[in-house]
Amino acid sequence: MADDYLIEVDDCIKRYGGVVALKGVSLRVRKGSVHGLLGENGAGKSTLVKIIAGIVQATSGTMRFNGEEIVDADVKAMEEKGVFLVTQEPMIVEPMTVADNLMLGRWPARSGFVRDRHMMALATSFLEEANLDPRRLASTLSVVEKRKLNILRALHSGGKLIILDEPTTALTMADKHQLFTFMKQLRAQSVSFLFISHYNEEILEICDEVSVLRDGQMIGQGQVVSHLDSSALSEMVIGRDVHLFKRVTDEAKGDVVWTLRDVRASGLSVDRLDIRKGEIIGFAGLPGSGAKELGRAIYGLMPSARGFLDESGVAHALPRDPAEALRTGIAFLSEDRLRDGIIAIQSIAENMTLSSLPAVSRFGWVSRSAERQLVEKFWRLFAVKAASHAAPLGSLSGGNQQKVLLSRLVATEPRLVILNEPTRGIDVGVKEEVHRLVDDLSHRGVSVIIITSDIEEMLRIVDRVALFVDGRISAIEPAHGLTKEDVFEMAYSASDRSVSASHQPLH
Amino acid sequence: MNTKTSVMPTVAVAPGAVAKNAGASPSVQLLLKYVVWIWLVGLVIVFGLLNKFFFTTSNLQNILTQATVLGLLGLAASLPLLVGEIDLSIAGNMGISSAIGALAILQLHMPTFLGVIVGVGAATLIGFFNGLCITRLRMVSLIETLGMMIILQGGLLAITQGATITDFTDAYTWVGQTTVGGWPVMPLVLFVGFIGMAVLLRRTVFGRKLYATGGNAAAAHVAGIRVNKVKIVAFTLSGFIAGIAGYFLASWQMAITSDQGEGFLLYSIAAPIIGGVSVFGGRGDTWGILGGVLLLTVIHVGLAVVNVPSFYVDMIGGFLIFIAVAVDAIRVGMGGTR
Ligand SMILES: Nc1ncnc2c1ncn2[C@@H]1O[C@H](COP(=O)(O)OP(=O)(O)OP(=O)(O)O)[C@@H](O)[C@H]1O
Ligand SMILES: [Mg+2]
């Protein structure tokens with residue numbers, strides 16, 4: 001029956017100049033259901049949901065909301081109908097309070113003056129269950145809290161369809177769980193969700209139905225999730241089952257090449273860590289435990305950090321800045337692409353060669369042919385999908401942006417690589433490619449540090465796991481034989497121990 | 001109120017801007033990219049129809065000569081803009097540095113070429129100092145250079161004691177006055193300057209670093225670019241070019257007034273922006289800057305040539321600039337890149 005559907009999109013086409021992002025797509029989302037949207041990088045998922053939310057206009061096609069035909073609606077019009085898009089980056093005005101953000105643009109006002117006290121009262125009653133203090137400054141919120149606030153804003157404004165574009169990136173397991181519980185509560189109140197993710201297990205856990213886009217076309221529309229499993233999902237997404245990569249740990253290990261000594265910074269205290277040539281080591285730990293911080297310190301992104309990073313027995317102080325780190329043969333992948341990864345307005349080629357300018361230039365002059373060669377090499381290696389080398393990087397899909405950043409990093413021919421959330425926003429197929437590439441790097445003698453909140457992924461590709469608790473390395477274990485649960489237990493129990501230890505009265 | 005877009009600036013500015021773009025077809029985009037040139041040609045035709053004199057060789061020479069100083073200043077203004085900063089002190093720098101050079105020649109009896117070097121050197125140092133303040137001391141460039149502008153303007157008034165410096169040596173005024181085969185040599189400097197800038201921006205490693213720094217300073221830093229150094233060099237080079245412009249202005253006018261250069265400030269910043277240089281950094285190219293400079297000069301000269309009463313010149317000129325910027329804004333909205 002037609003009125004079971006909250007939103008119905010038909011024959012939707014979207015052109016970006018010469019690129020056809022959507023080639024006649026149809027989508028139906030039932031009332032009170034969580035509808036998954038899957039697809040490779042660049043398949044058109046974000047484009048489709050932006051059209052539904054009124055952020056971009058379709059080139060052609062029809063759309064109905066609650067059975068009513070929608071024509072030329074913009075964001076505001078769609079929000080009034082109850083459609084809200086929560087983008088991957090939470091949209092929050094940081095210097096304002098939680099209450100301000102909750103009612104952003106719809107503040108209760110009388111003749112132009114915001115009725116502050118009234119607003120606080122409203123917000124307090126609304127946020128009671130959500131466990132958020134309306135008076136808090138939004139800038140003090142964590143990533144989940146911000147995302148939650150975005151969802152709450154949608155609800156508060158009468159949201160009936162909430163679209164979440166890759167909402168789980170950067171969330172820890174606990175955060176994710178919290179988010180899903182929240183979604184399930186809302187579903188029970190007959191709110192619908194359109195949920196984009198690259199993680200099969202998330203789709204299987206939270207979604208009722210799933211649709212799959214491939215190359216701008218709908219491959220499977222409204223498939224019932226309870227009939228599917230992970231490999232069936234992968235097969236729909238990339239046309240074949242993914243063979244999960246598993247690193248074969250080399251027993252005859254290389255020599256220790258890198259030695260971290262006496263690293264000290266605020267909230268970080270690591271006495272010693274040896275990393276072998278061609279070894280892949282994972283840094284695991286709860287947020288703030290020091291895993292990310294140590295990665296940044298090694299790359300010179302924590303100027304206040306003191307300590308040594310010896311290479312082959314030669315003592316070196318930690319690099320002062322990234323430029324020095326790169327010269328020492330260290331490369332780094334940022335966890336936050338948009339913030340300090342890509343230069344969106346610049347071309348793919350310029351972005352790719354940015355860290356290896358010395359290699360493509362002579363006496364300060366950029367050699368065009370050297371540059372073209374380098375770009376073409378990585379373009380092929382990573383199978384970048386884009387119109388041309390000159391396309392602005394910001395116009396690529398998230399996964400393709402990540403490929404360009406990885407190219408930038410590998411192009412520097414590093415000897416030690418620090419990868420922060422390397423597969424963030426990457427589709428299942430490319431994820432395995434990235435794993436293979438990292439494995440490949442290690443076989444060529446590059447030492448690799450991987451920092452990721454996806455512990456399952458980490459365990460498949462690293463040799464050893466260093467577990468961080470309260471700024472220290474509390475354990476280093478071979479990955480072989482470890483399970484996700486082991487790692488969590490270690491992280492939590494160790495932090496519990498140290499918490500209770502810190503409560504001990506001083507003698 | 002459109003709440004979604006009003007929240008965007010936190011992170012998604014750049015991708016958002018790109019997202020809007022791609023609607024226009026490539027040929028339309030190319031057209032939009034050089035809209036300043038279309039606008040320029042249109043105005044030249046209109047002025048020419050209003051007064052035949054506008055198309056004469058001597059008027060062309062006049063325009064190119066006038067465009068030289070503004071052109072150099074436009075280049076000087078562009079460098080800080082490209083790295084996402086702004087320098088309001090370049091016009092003041094131009095005035096005071098030329099006075100320092102001239103006084104070194106006239107009062108300290110330095111040889112002319114040495115005096116010119118002293119003047120340009122002073123300008124370069126001022127630029128370097130601005131760069132230091134903005135990077136090392138993290139001063140906001142808009143305010144820091146505003147303060148510097150006032151200091152430099154006051155300084156010029158102080159060292160000239162309100163008088164106009166004249167009586168230059170012949171060697172000093174040679175560049176501004178000489179003609180070869182009836183053609184002034186000044187415009188040559190304009191072309192050398194623009195070709196040099198084009199090469200710097202497009203072909204050198206430093207050019208890449210400038211665009212990267214302006215495009216996303218945090219990302220450039222992580223990619224191993226010493227962002228502060230790039231900014232300091234940009235400001236220093238900007239000061240150097242302002243110094244050269246100062247010498248040419250003085251040599252051409254054969255005078256340094258106690259408010260030398262002040263009238264250039266707004267035009268020198270407007271020219272690159274009209275030509276597509278973004279105030280947010282990372283966007284803009286030499287063709288655009290040249291187009292902006294010529295457009296402003298043509299407006300200026302054209303209004304004089306068609307005998308617009310002087311009371312109206314500023315107002316009409318302002319209107320024309322306003323329209324040019326509006327057209328440019330539409331261009332950016334519809335998908336021009338740099
Ligand atoms: N503003 C734009 N300009 C030009 N092309 C664009 C633009 N936005 C998207 N595209 C293109 O449209 C296609 C679909 O992009 P979209 O962002 O919808 O993919 P996606 O499925 O969300 O991918 P990902 O999983 O990587 O986020 C891609 O080929 C992309 O390059
Ligand atoms: Mg996407």
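Cβ from N, Cα, C; glycine included.
Record features, source TrEMBL:
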{"type": "TRANSMEM", "residues": "B:30-51", "note": "transmembrane segment"}
{"type": "TRANSMEM", "residues": "B:63-83", "note": "transmembrane segment"}
{"type": "TRANSMEM", "residues": "B:114-134", "note": "transmembrane segment"}
{"type": "TRANSMEM", "residues": "B:146-163", "note": "transmembrane segment"}
{"type": "TRANSMEM", "residues": "B:183-201", "note": "transmembrane segment"}
{"type": "TRANSMEM", "residues": "B:232-252", "note": "transmembrane segment"}
{"type": "TRANSMEM", "residues": "B:264-280", "note": "transmembrane segment"}
{"type": "TRANSMEM", "residues": "B:287-305", "note": "transmembrane segment"}
{"type": "TRANSMEM", "residues": "B:311-330", "note": "transmembrane segment"}
Among B:63-83, B:114-134, B:264-280, which stretch has the most Cβ pairs under 8 Å to the transmembrane segment (B:232-252)? B:114-134
What residues elsewhere in the chain lie close to the transmembrane segment (B:183-201), defined as a C-beta under 8 angstroms and at least 6 residues from its ends? 61, 64-65, 67-68, 71-72, 75, 78, 82, 175-176, 207, 210-211, 241, 244, 248, 252, 285-287, 289-290
Distant-in-sequence neighbours of the transmembrane segment (B:264-280), which means Cβ under 8 A and at least six residues beyond its ends: 13, 33, 36, 69-71, 73-74, 76-78, 81-82, 84, 86, 88, 90-92, 94, 149, 214, 287-293, 295-296, 321, 324-325, 328, 331, 336, 338
Candidates B:114-134, B:287-305, B:311-330; stretch with most C-beta pairs under 8 Å toward the transmembrane segment (B:63-83): B:287-305
So, taking each listed stretch (B:30-51, B:114-134, B:146-163, B:287-305) in turn and counting its Cβ pairs to the transmembrane segment (B:311-330) that are under 8 angstroms, which one gives the highest count? B:287-305
Count the CB pairs under 8 A between the transmembrane segment (B:287-305) and each of B:30-51, B:114-134, B:146-163, then give me the winner. B:30-51
Chain residues in Cβ proximity to the transmembrane segment (B:114-134) (below 8 Å; excluding those fewer than six residues from its ends, i.e. six or more beyond): 85, 87, 89, 93-94, 96-102, 104-105, 108, 140-141, 144-145, 148, 152, 172, 231-240, 242-244, 246-247
